[in-house]
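Chemist: Before we start, here is the structure in question, set down as structure tokens.
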Amino acid sequence: MLVSGSINTICTKYADMQCTFDHPFVQAAGMFLGEMFCLFALQAVLCFGIPVERNRDYPVMLFALPALCDLVGTSLMYLGLTMTYASVFQMLRGSVVLFTGILSVIVLGKRLAACHWTGMMLVLAGAFVVGSASLKTSDTTLAPSNPVLGNLLIVSAQFVVGIQMVVEEKFLSKYQVHALEAVGLEGVFGLLYLSVGLVAMYYIPLGNDVCQGRPCVENAISAGLEIASSPVLALVLLGNIVSIAFFNFFGISVTKSLSATHRMVLDSLRTIVIWGFSIFARWQSFDQRQVIGFCILFAGSMIYNEVIRLPFAKEEPWPEAEVNIRENAVKYIYEDSDAEENEALLNEHDRP
């Protein structure tokens, strides 16, 4: 998940360095296309006769909601970024961890221990420090159109992403859909949304793009011509499509096996990998404040996942991840036997 997500971001950054490709919604369509390819990967697995645990007894339309959340979250982040500072955008993105944790408690009825809340707050603080280190004097010379509204849109986007994570966890835990199938269906619905949305964006007279001499939100025709005329850009976008497919597959797998909050905490570590590569490739200069922020972020992740034990935190006999594993074991491993016998077998297995 960290590797594929980092590759995706690095490819995007490299594309921006090669040429100006300001078509975020076309890139979002590429993301959904990569997700849709997971359905073909699942069919390939089935054709080779590899045993796959699948549950076909579920309403397919369920995945239209997380796909819509994905699209809305991406759109709000893009609009917010055009109205505020890039460094503030980086800081506010860290709030998705906190939103996901709170929604997990409210919607899913999860019980988060003190170490989980402490870990989430440290991840949020680490993201804030990293973002504040990106503040430069050049930022102050720019004049964002509406920083307050832009910041509000970015925070709203993180809330929508938190909803997406929690909804995915709820559906996956209830219906036990295969990860490849879940990602592929979200890709299909996302492409359906954008197939209509890109046409509408071409005629909406707003935004920084140009359509037939007038402003528009997105010019998909111009984006296609730019891709066709630049082999490097086409190759980088292909890398984006492939890496996002792997990234979302691993992300869904983490949500299914552990939880949505675990997924967001792990995803926050992607910033460290990208920063390290950027320093190695000399894309950016070294900043000690970012190192401090990354240390805080990493410590928060370790505390949340209980790799580092807090002295004041009460030990939980069944951490959240083990509860999910325990419930799955009761439901699927011993599904043909009596429920009380299932519990007895698990308790016997727990004894040292």
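Cβ coordinates are placed from backbone N, Cα and C, and glycine is handled just like the others.
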Chemist: TrEMBL tags one of 147-167, 273-293 as transmembrane segment - which one?
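Modeler: That would be 147-167, per the transmembrane segment entry in TrEMBL.
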Chemist: Using a Cβ distance cut-off of under 8 Å, indicate which of 25-48, 115-135, 147-167 has the most pairs with the transmembrane segment (60-81).
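Modeler: The listed stretch sharing the most Cβ pairs with the transmembrane segment (60-81) is 147-167.
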Chemist: When you look at the transmembrane segment (179-204) alongside the transmembrane segment (87-108), do they share 3+ Cβ pairs under 8 Å, ignoring any pair fewer than 6 residues apart in sequence?
Modeler: no
Chemist: Which stretch from 25-48, 115-135, 147-167, 179-204 shares the most C-beta pairs under 8 Å with the transmembrane segment (232-252)?
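Modeler: Selected stretch: 25-48, with the most Cβ pairs under 8 Å.
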Chemist: Any chance you could find the range in 115-135, 147-167, 179-204 with the most Cβ pairs under 8 Å to the transmembrane segment (25-48)?
Modeler: 179-204
